[in-house]
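Peer 1: Before I ask anything, let me first share the structure, which is written out below as structure tokens.
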Amino acid sequence: MNPNQKIITIGSISLGLVVFNVLLHVVSIIVTVLVLGKGGNNGICNETVVREYNETVRIEKVTQWHNTNVVEYVPYWNGGTYMNNTEAICDAKGFAPFSKDNGIRIGSRGHIFVIREPFVSCSPIECRTFFLTQGSLLNDKHSNGTVKDRSPFRTLMSVEVGQSPNVYQARFEAVAWSATACHDGKKWMTVGVTGPDSKAVAVIHYGGVPTDVVNSWAGDILRTQESSCTCIQGDCYWVMTDGPANRQAQYRIYKANQGRIIGQTDISFNGGHIEECSCYPNDGKVECVCRDGWTGTNRPVLVISPDLSYRVGYLCAGIPSDTPRGEDTQFTGSCTSPMGNQGYGVKGFGFRQGTDVWMGRTISRTSRSGFEILRIKNGWTQTSKEQIRKQVVVDNLNWSGYSGSFTLPVELSGKDCLVPCFWVEMIRGKPEEKTIWTSSSSIVMCGVDYEVADWSWHDGAILPFDIDKM
């Protein structure tokens, strides 16, 4: 075969392959059109099929694109029933770890929000960690000066419990430098306080939509719980403070249904001080253990009935649970009056167990370090000093901070009582450490039928970060 014949032969074969390839593409297009046409989708290539199962578990969302199926499982609650929450609190012999977010450790290299005041609240299908961001990330220049409590950049956001407060999974809830949140069985309600100190406003969101507001009535830093509010049979309750942090202030209980205020009452508490209440449902009422920033090292106790009548006093136990505080041996306790003459304080909690009380406190008497929870026999009703159990959660070599309460609803736990749970904030950075920022992580514990060994589930981040060395 001479050279010209070789060229002609190669050219013919190449042309044949090109024609064959074109025919294959034409056939592929025809088959695709015919197949999609028979599907009855009027020529639309993309469609989303949502199948709702009556299991109140999830929605199965199937996105179909040509011959590719993507299945995404979306948490779902039928939204048709309010949680009861009138059950009694379960009796707890100890507290087991529920979650730990390790946010600051991860934040040395991850995209983690600078936060304070984390807290946990639960719906019938999940628990979420809420937190107040500073509108900045760890190890970033905007984290400078975040020791400040109130700024226009602070927002309430949330993640599923156990997740770090990261930018990829966090959900926006409200603009806020003080907040509370709870679920009534149908939707989440959040209360976010923001604005200037003298004219702050609390915006109530229900199902993610603003539904009502509370304006500052005393003109002195309107603020709320920094922990879960409480919903009973569809109505949700929370406590607000307006006035000085170190002398007599004004206190109110609010009641809302579907995010709209349906009742409020002023709390008469002359000589006493209430703020940052940690509340939970118990036997059809709301029980709160609060912070006295004025004089008491014992904690105020507030019990709220559905008709907004209330009883207010102090935790009777003859052992103090606020910080700073004096020696246990020098404290006598009182059910009605502040004791100890130590101001400032820190947010804390307690759980009634019949006439006993579980109460959390820092291990240090003078600083926010270490954390333990004590069960005091008859401590809810008497000035008893009898400790019948003690459990260490953070050792005294490590920083702690705020702490607060919440419960697992029976829909979530499967029990016939409300499981008592608490969280402990572990503050890092300023003012105790040489950084430009202040942030925190948290450990969450829930009540169990067994005693649990002491251990230290501390924050564990190695400081300073790179940004602190610049």
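Note: Cβ is positioned from N, Cα and C throughout, glycine not excepted.
As annotated by Swiss-Prot, active site, proton donor/acceptor applies to ASP149. The feature active site, nucleophile is assigned by Swiss-Prot to TYR402. Annotation comment: Swiss-Prot describes ARG116, ARG150, GLU275, GLU276, ARG291, ARG368 as substrate binding site, evidence class sequence analysis. Marked as Ca(2+) binding site by Swiss-Prot: ASP292, GLY296, ASP322. Among the features that Swiss-Prot reports, disulfide bond is placed at CYS90-CYS417, CYS122-CYS127, CYS182-CYS229, CYS231-CYS236, CYS277-CYS290, CYS279-CYS288, CYS316-CYS335, CYS421-CYS446. Per Swiss-Prot, region 'Involved in apical transport and lipid raft association' is recorded for 11-32, and the stated evidence type is sequence analysis. If you look up Swiss-Prot, you'll see 89-470 marked as region 'Head of neuraminidase', on the strength of sequence analysis. Residues or ranges marked as topological domain 'Intravirion' by Swiss-Prot on the basis of sequence analysis: 1-14. According to Swiss-Prot, the feature transmembrane segment maps to 15-35, an assignment based on sequence analysis.
For the listed features, I'd like the structural context: burial, neighbours, distances.
Peer 2: Packing around ASP149 (active site, proton donor/acceptor) is summarised by its Cβ count: 15 other Cβ atoms lie within 10 angstroms of its Cβ, all protein chains included. In the three-state DSSP scheme, ASP149 (active site, proton donor/acceptor) is classed as coil.
In this structure, TYR402 (active site, nucleophile) belongs to neither helix nor strand by DSSP; it is coil. Counting Cβ atoms from all protein chains shown, TYR402 (active site, nucleophile) has 25 others lying within 10 Å of its own Cβ.
Taking a C-beta cut-off of under 8 Å and a sequence gap of six or more, GLU276 (substrate binding site) has these contacts in its own chain: ARG223, GLN225, GLU226, SER227, THR241, CYS290, ARG291, LYS347, TYR402. GLU276 (substrate binding site) falls within a strand when secondary structure is assigned with DSSP.
The local packing around ASP322 (Ca(2+) binding site), expressed as other Cβ atoms within 10 Å of its Cβ over all shown chains, amounts to 27. Under DSSP, ASP322 (Ca(2+) binding site) is assigned to coil, being neither helix nor strand in the three-state scheme.
DSSP gives CYS90 (disulfide bond) a coil state; it is part of no helix or strand. In this view, CYS90 (disulfide bond) is surrounded by 21 other Cβ atoms within 10 Å of its Cβ, with every protein chain counted.
For CYS122 (disulfide bond), other Cβ atoms within 10 Å of its Cβ number 22. In this structure, CYS122 (disulfide bond) is part of a beta strand by DSSP.
The number of other CB atoms found within 10 A of the CB of CYS229 (disulfide bond), across every protein chain shown, is 26. Mapped onto three states, the DSSP output places CYS229 (disulfide bond) in coil.
Proximity of CYS236 (disulfide bond) to non-local residues of its own chain (separation of 6 or more, Cβ distance below 8 Å) is seen for CYS182, ASP184, MET189, CYS229, THR230, LYS255, ALA256, ASN257, given in sequence order.
According to DSSP, CYS290 (disulfide bond) is assigned to a strand segment.
Around the Cβ of CYS279 (disulfide bond), the same chain contributes GLN225, SER227, SER228, CYS229, THR230, TYR237, TRP238, VAL239, VAL286, GLU287, CYS288, LEU302, ILE304, SER405, each under 8 angstroms and 6 or more positions distant in sequence.
Around CYS335 (disulfide bond), a 10 Å sphere centred on its CB holds 15 further CB atoms from the protein chains shown.
In the three-state DSSP reading, CYS421 (disulfide bond) counts as strand. In sequence order, PHE95, PHE98, VAL120, SER405, PHE406, THR407, LEU408, VAL444, MET445, CYS446, GLY447 are the residues near CYS421 (disulfide bond), counting only same-chain partners six or more apart with C-beta under 8 A.
Counting residue by residue with DSSP, the region 'Involved in apical transport and lipid raft association' (11-32) contains 22 helix, 0 strand, 0 coil.
On the 0 to 100 pLDDT scale, the model's mean across the region 'Head of neuraminidase' (89-470) is 97.
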Peer 1: Which one, from the binding-site residues ARG116, ARG150, has the smallest tally of other C-beta atoms lying within 10 Å of its C-beta?
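Peer 2: It is ARG150 that, of the binding-site residues ARG116, ARG150, has the fewest other Cβ atoms within 10 Å.
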Peer 1: Cα-Cα, whole number of Å: CYS231 (disulfide bond) versus CYS316 (disulfide bond)?
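Peer 2: Here the two Cα atoms lie 26 Å apart.
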Peer 1: If you compare CA-to-CA distances from CYS127 (disulfide bond) to each of the binding-site residues ARG150, GLU275, ASP292, which comes out shortest?
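Peer 2: Among ARG150, GLU275, ASP292, GLU275.
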Peer 1: Tally every other Cβ atom lying within 10 Å of the Cβ atom of ARG291 (substrate binding site).
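Peer 2: Taking every protein chain into account, the count is 26.
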Peer 1: Starting from the Cβ centroid of ASP292, GLY296, ASP322, the recorded Ca(2+) site, name every other residue in that chain with its Cβ within 8 Å, sequence order please.
Peer 2: HIS273, ARG291, GLY293, TRP294, THR295, THR297, ASN298, ARG299, PRO300, TYR314, PRO320, PRO338, GLY340, GLN342, GLY345
Peer 1: For GLU275 (substrate binding site), which of the listed recorded positions (CYS90, ASP292, GLY296, CYS417) have their CA atom within 10 A of its CA?
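Peer 2: Close recorded positions: ASP292.
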